[in-house]
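**Student:** Reproduced below are the annotations present in TrEMBL:
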- A:Cys336: active site, phosphocysteine intermediate (ACT_SITE)
- A:Asn273, A:Ile274, A:Cys336, A:Ser337, A:Asp338, A:Gly339, A:Trp340, A:Asp341, A:Arg342: substrate binding site (BINDING)
- A:519-549: coiled coil (COILED)
- A:551-562: compositional bias 'Basic and acidic residues' (COMPBIAS)
- A:565-594: compositional bias 'Polar residues' (COMPBIAS)
- A:639-651: compositional bias 'Basic and acidic residues' (COMPBIAS)
- A:124-502: domain 'Myotubularin phosphatase' (DOMAIN)
- A:550-658: region 'Disordered' (REGION)
Amino acid sequence: HLKLRQVENVRLVDRASSKKAVLGTLYLTATHVIFVENTPDTRKETWILHSQISTIEKQATTATGCPLLIRCKDFQIVQLVIPQERDCHDVYVSLIRLTRPVKYEELYCFSFNPKLDKEEREQGWMLVDLGEEYKRMGLPNNYWQLSDVNRDYRVCDSYPSELYVPKSATAHLIVGSSKFRSRRRFPALCYYYKDNHASICRSSQPLSGFSARCLEDEQMLQAIRKANPGSDFIYVVDTRPKLNAMANRAAGKGYENEDNYSNIKFQFIGIENIHVMRNSLQKMLEVCELKSPSMSDFLWGLENSGWLRHIKAIMDAGIFIAKAVSEEGISVLVHCSDGWDRTAQVCSVASLLLDPHYRTLKGFMILIEKDWISFGHKFNHRYGNLDGDPKEISPVADQFIECVWQLMEQFPCAFEFNERFLIHVQHHIYSCQFGNFLCNSQKEREELRIQERTYSLWAHLWKNRADYLNPLFRADHSQTQGTLHLPATPCNFMYKFWSGMYNRFEKGMQPRQSVTDYLMAVKEETQQLEEELETLEERLEKIQKVQLNRTEVKSKQSEPGRHSGFSTSDNSMANTPQDYSGNMRSFPSRSPSQGDEDSALILTQDNLKSSDPELSANSDQESGVEDLSCRSPSGGERATSEDSSKDRDSDEAVFLTA
Amino acid sequence: MRTGRAQAELLLGPEAPRLRGTLCVTGHHLLLSPGPQDLWLLLLRNVDSIEKRVAGESGTITLRCKDLRVLQLDIEGVEATLDIARSIEALSSLESVITSFPFFYRPKGLRLGDAWHFHPPESYYKRVARETKAWRLSEVNENFSLCPSYPRAVIVPRAVDDKALALSARFRQGGRFPVLSYHHARSGTVLLRSSQPLTGPQKRRCAEDEELLRAVLAGARPGAQGFVVDTRSAQAAKQARMAGGGTEAKAAYPGWKRLHRPLERGRPLQESFVRLVEACGDLEQSTDHWLSRLEGCSWLAHVKEALSTACLTAQGMEREGACILVHGAEGTDSTLLVTSLAQLILDPLSRTMVGFQELVEREWIQAGHPFQLRCAHSAFSHARPKHEAPTFLLFLDCVWQLGRQFPLSLEFGEALLLALFEHAYASPFGTFLCNSEKERCLCEVRSQTHSLWSRLNQPKEQRKLRNPLYVLNPLALWPSVEPQSLQLWQGLFLRWTRPPEPPEVAWEKVWQIVTEKRKTDDSQPTASASEPQP
């Protein structure tokens, strides 16, 4: 599908300041778009996976070339200017085709080879084992059993083949209940809280219409209640807004009627549907894309997008369920419409609040594997891996990942993993580099033989786990053990905009120094020193024994500067000023007559002459010095025009009127 | 004045346990002793507003404090409630400085007169003198006759004599002639501050004032340019001429150009603060409109404006090699905000524990920020604001934003900023008393009260105030001022409403990691060198 493979003299525009651009070569491959800078010493490369590309926009040709705007699903925005209109068109057409694969086999994971042998690959797929996970929960037990009713996906093709159901639920009951549920997604166990036998179950909506009933379904819910011996009722949580659920009744679907089911308490929690969420994200990203927005523009835009309100709705639902389970000891059945989007979000947020295991690196992988992958979250449709209906696309998992981040912000010591881990998981949900998130269900994945043909993301992340650890994690602290307790007050101001995700490619906006990386470096060095210390002490002991034997004592000498301390990564130090002049493009410059180049030179020399070598080296890293010369001409022009202005009073300096 | 004593129950916050005991009002404090050993104490000066309600046999007093805490007292007896409320009301609003608590506070372990050895103009001058010969320390203001809001000594161009300074002072509002605020050795440029020139509608000029600014450029890097950063809009500066003020005319000050960067001040700033605190305290508000309420307060917009003006100033010095004079109208508020932030951006020394204290002392206290007037009330007072404005709090917020973006580059942590906020509004120490050095001299603050700095520099306090992550960063800190990069300072504005534990637990862990590292560093056996080589 490649119309051309390479374009020379392409400019990559810096989105922070549109005047900056780097010249380079654009390469198109079967899997990536690659831009390589011409700058000989760095030759910096920008790689973009085709599967990450969300939209490509060809903009009006200008004197400098034909601009191409690429928006990515991981929120990177790349603006290229291609000299020839024809080349630009060819790149555009090629990318349009490449970013819309029609067969799974076209996806990156089928060609990606991390140089692991067959055995390693198989081991990688075994890292996350759901059978073990249910055992960890304390299953099977007197109340819950593993059911094979869905073997070969006979009852429900979007469910896993192995499921836990109440012991009293016979196959007949399950099949009967499944016929009364959308897409036959009958109530099944999601999480079992062994401290008090309460559980979280999930399903899709009942096909109740205005009056339909199903005896088996009613008995199924009864069975769930009985599996929690201490309780008189269960909660049925419908995560949709009531209006949506009622509208579904007209289509023969709907929600449980409390009168028909004995001992249920029914509850709506208004989380909006995938279409609302898609539009909300779109609106928020438009705000993120604004160039130098005012504080008002930003806050209004963020509020109008509704994004944080939706995040809070999901969190509230999770909190409600976690409280019902841990504090009241009441089991909860959760559903939405089909039970694979909102239900997955809410169940996993609740599990994360309830069980510290899911707040560990491995536990979080298991959580995603269980609630999302195995229970048939439609990754392919939601994240547009294959070309499909754009109305199916929605940031459902993105929202869950953000919920986790919001919790991490509130409980900095409760999670074993760090923000980078969440960002990388988000990236790979879209990347199609690993097979984990392919397809819409387990059944499809089995048919495609994903595990034989692709690699597992979990193994890859686990191998690099050192990068993903949170140095502040305190597994031993009372506050981070057991259920996480959120304050009772409605703390809407706790939910913050996540610039580390949505503006993550605008490095200038992020904190310039990373506490996580610094502390990890400190910890690592402490560990090394301790190990060294141990071996040294052992040897010292031996020596002392020898010396005692010889009854000789040598004078002690210290070894200065044996280890020079650690330094933080270089990029944490490099920092350049940004555009602080609001609507003006540049700082005022000296008028041309005074010789800008000369003064810029003097400045450079001053820096070089500086007594502190580190300082001058760093100053050179900063690009500000070059900026001066390229900014000054325009500044000068403005200066002259301003001087000749009619109003003699307005002798204000040049750059105010841009 | 009635001093009340009653049985009461104290509610410190939404999730805090209740304290029950005998309540008592003394001259400066509200005391509650829940047991023979325990004593809960509130400085009455800290009370910003008081609200009383009586029902049946008891009453409730709600105290809203200047440090933004909200306390509820349930008191037995209607009469007692009213008495106590009256006493608190009367005692919390006393305006006399010399009868205020700092004049009676004699803590153990501190000696009067300690730590008043911060003589910023003098000690700072020593630093400048090492770097350049173009400046001198002038004692022209020895008896505060030239400028009542300046300290006794100021740093001025060597080429300008005291007589010229006196004339320049007459040409500037409140006598605040241009003085050196910061010398940036790396670029050989200086940061100055002053008040507006009194050009008036006739566009008066003052040769000595012009000479002063000419001397500044002559003393700087050859070919250096000057910029006047006026913290008012061009419009406002022009209007100020009608009232006798104005701004530097370009023709009169060759080499100097003017920039207008309007910063909010005075009542609108105070109102912004009040609205923000109101929004943060409103726990019942519908969850949907938090962000638009935050927007409506404009506080973050003010943070953004203040930071970007300071960045522009710093950029002008370091990147353009320009000398910069900052002033607004009086030169005691937004001017100091800009000059102190610019120094923090440029000067690694001012980011150390000692350097930052010195910066606050030199650029706020000694520079004549009228703390007494500005911090008379905090966000809860129902009184019409007269001179109140949270300029200093805005400064602290900007410092916090800087620390958030450069978490390893400030030697002090959030706790120091919180402490300064508290003490600026109500303190047992004398440091933030009065409006100027002149007033402090008259009240004998230095000899009769303790300095906050001596408390903060006690080892016990230091451990709480230091940033364990600090690593010297010799470069300028260029923060992002994009809205995405600025956050609400939850540690201050939600301090009493959010659960305090999670950040504290994290802080402990950070300390633990860093201390472990230091311990292993220290325990490296020095005997290793005696090991014979195999």
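Keep in mind that glycine also has a Cβ here, set from the backbone N, Cα and C atoms.
Bear in mind that TrEMBL entries carry predicted annotations, made automatically and left uncurated.
Tell me about the setting of these features in this model.
**Tutor:** Secondary structure from DSSP puts A:Cys336 (active site, phosphocysteine intermediate) in coil.
Other C-beta atoms found within 10 angstroms of the C-beta of A:Trp340 (substrate binding site) number 27, with every protein chain shown included.
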**Student:** C-alpha of A:Arg342 (substrate binding site) to C-alpha of A:Cys336 (active site, phosphocysteine intermediate): distance in Å?
**Tutor:** 6
**Student:** Please find which two of A:Asn273, A:Ile274, A:Cys336, A:Ser337, A:Asp338, A:Gly339, A:Trp340, A:Asp341, A:Arg342 have the most distant C-alpha atoms, given that the record lists them as binding substrate, and give only that distance in angstrom, rounded to a whole number.
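**Tutor:** Comparing all Cα pairs, the maximum is 12 Å.
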**Student:** Looking at Cβ-Cβ distances, which residues of the chain lie under 8 angstroms from A:Cys336 (active site, phosphocysteine intermediate) while being 6 or more apart from it?
**Tutor:** A:Ser204, A:Gln205, A:Asp238, A:Thr239, A:Arg240, A:Ile271, A:Arg342, A:Thr343
**Student:** For substrate, what surrounds A:Asn273, A:Ile274, A:Cys336, A:Ser337, A:Asp338, A:Gly339, A:Trp340, A:Asp341, A:Arg342 with a Cβ no more than 8 Å from their Cβ centroid?
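**Tutor:** Those within range, site residues removed, are A:Thr239, A:Arg240, A:Thr343.
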**Student:** Output the one of A:Asn273, A:Asp338, A:Arg342 that, of all these binding-site residues, has the highest number of other Cβ atoms within 10 Å of its Cβ.
**Tutor:** A:Arg342
